[in-house]
Amino acid sequence: MDSVIEDVRLRKIIDSRGNPTVEADVLTWNGFGRAAAPSGASTGINEVTSFPDGGVDQVITDVEDLISSEIIGMEAEDIREIDNVLKEIDGTDNFSTIGGNTAVAVSMATAKAAASSYNLPLYKFLGGIMPTQIPFPLGNMINGGAHAGTNAPDIQEFLVIPVGASNITEAITTNINVHRRIKAKIQEKDKTFTGGKGDEGGWAPNLTNEEALEIQFTSCEEVSDETGVLVKPGLDVASSEFWNEKEQKYVYEREGTSRTVEEQIDYIADLIDTYKFFYVEDPIQENDFEAFAELTSKSGKDCLICGDDLFVTNAEILAKGIEAHAGNSLIIKPNQIGTLTDTYNTIKLAKANKYVPVVSHRSGETTDETIAHLAVAFNAPIIKTGAAGGERIAKLNELVRIEEELLNPSMADL
């Protein structure tokens, strides 16, 4: 009876880009949970619908009563059952009635309320008493594409991961050191650079792709040498953003070039080889499993070839990718699929097939820290949540607190 839901409330709040989103409160007899939904700038076509046509305001006026009337009186700990009720209330296969963001906020808030009812942190409630590993933070250093602006690189995110870190504080600090080093190098290259940032806290410079790649690579090498902590580079290409369906080419506007599918595969493979990338996300557009598989065959032994728009945290789509041997890693964003249950099912399938799950933020974030708990609970070895900015640091600082609570903590196995 401790986790019986007594009240559910939804409210409109603002995300890090100044856009409205939804926050859910779930109150039980003996606990309380609060969670907020993020939003993406570059989104996969197969993601669930974020909000109904009337947006957040419709959620507050119409949907709150629909949800509360159905789940008040249920046990918050019965997360699967509550997630199924959310689907039944919605009645569609993509949450177009209540919105995937609404569903995921309620789903996460319910799990947090259940954990609170038993005086447990969320990671222990979901993962049991066994979690001992902390994920490596994959930090955003330079923003381009949909996350930046005019004259920024075409490639959306230039990332780093401190694979040599021995604890989460060292990992976070190392990423921040690289972030600062990159700023200094950008200022050397462009004297007019004033420190502008993109949506995810990475620098938004006036650089070509090649200039950004060189700065990223040399900064990783220098910080690795100076600190003794090995840092490796990564990319989120977000290639669906510049795929031209009519031309059947990848159009790099900043570069003034375009590439066929085969040229794109060769280009990314060459980048992985030249710059020793540890991780490359969405190097191929979201509908091309065949090309994704070809790149994985070429470069997957040396690098994580990660699908975000390709898989959209959807177990059915992931199963298709597994069959095609497309990628060896996937992004996990709960609001892409709408519930914690479906998020967990996708992670479970990924692990069973040796795909590396990367729990991730969105470009439009809040100070909600839930994904830090999910990464630990579900034993994801990597968390992608930026390197700077309050809404990014909220997750990283939560990992510091979680690490303090773990018995014999260690960094994850990569």
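Yeah, the Cβs are placed from backbone N, Cα and C, and that goes for glycine too.
Keep in mind it's a predicted model, so treat the numbers as computed, not measured.
There are 31 other CB atoms within 10 A of the CB of Glu200 (active site, proton donor), with all protein chains counted. In the three-state DSSP classification, Glu200 (active site, proton donor) falls within coil. The annotation active site, proton donor is assigned in Swiss-Prot to Glu200.
What Swiss-Prot lists as active site, proton acceptor is Lys333, and the listing cites sequence analysis. Shown in sequence order, Pro38, Gly40, Asp308, Val312, Thr313, Ser360, His361, Arg362 are the residues of the chain, 6+ apart in sequence, with a C-beta less than 8 angstroms from the C-beta of Lys333 (active site, proton acceptor).
Over all protein chains present, the Cβ of Arg362 ((2R)-2-phosphoglycerate binding site) has 27 other Cβ atoms lying within 10 Å. In the three-state DSSP reading, Arg362 ((2R)-2-phosphoglycerate binding site) counts as coil. Under the heading (2R)-2-phosphoglycerate binding site, Swiss-Prot lists Gln156, Lys333, Arg362, Ser363, Lys384.
Per Swiss-Prot, the feature Mg(2+) binding site maps to Asp236, Glu281, Asp308. In three-state terms derived from DSSP, Asp308 (Mg(2+) binding site) belongs to neither a helical nor a strand segment and is classed as coil. A sphere of 10 angstroms centred on the C-beta of Asp308 (Mg(2+) binding site) encloses 29 other C-beta atoms.
In sequence order, Glu200 are the recorded positions from Glu200, Asp236, Glu281 with a C-alpha within 10 Å of the C-alpha of Ser363 ((2R)-2-phosphoglycerate binding site).
Within 8 Å of the Cβ centroid of the Mg(2+) site, not counting the listed residues Asp236, Glu281, Asp308, the chain contributes Gln156, Glu157, Leu235, Val237, Ala238, Val280, Asp282, Cys306, Gly307, Asp309, Ile331.
In terms of C-alpha distance, the listed recorded positions Glu200, Asp236, Glu281 place Asp236 closest to Gln156 ((2R)-2-phosphoglycerate binding site). Following the DSSP three-state reduction, the secondary structure of Gln156 ((2R)-2-phosphoglycerate binding site) is coil. There are 31 other CB atoms within 10 A of the CB of Gln156 ((2R)-2-phosphoglycerate binding site), with all protein chains counted.
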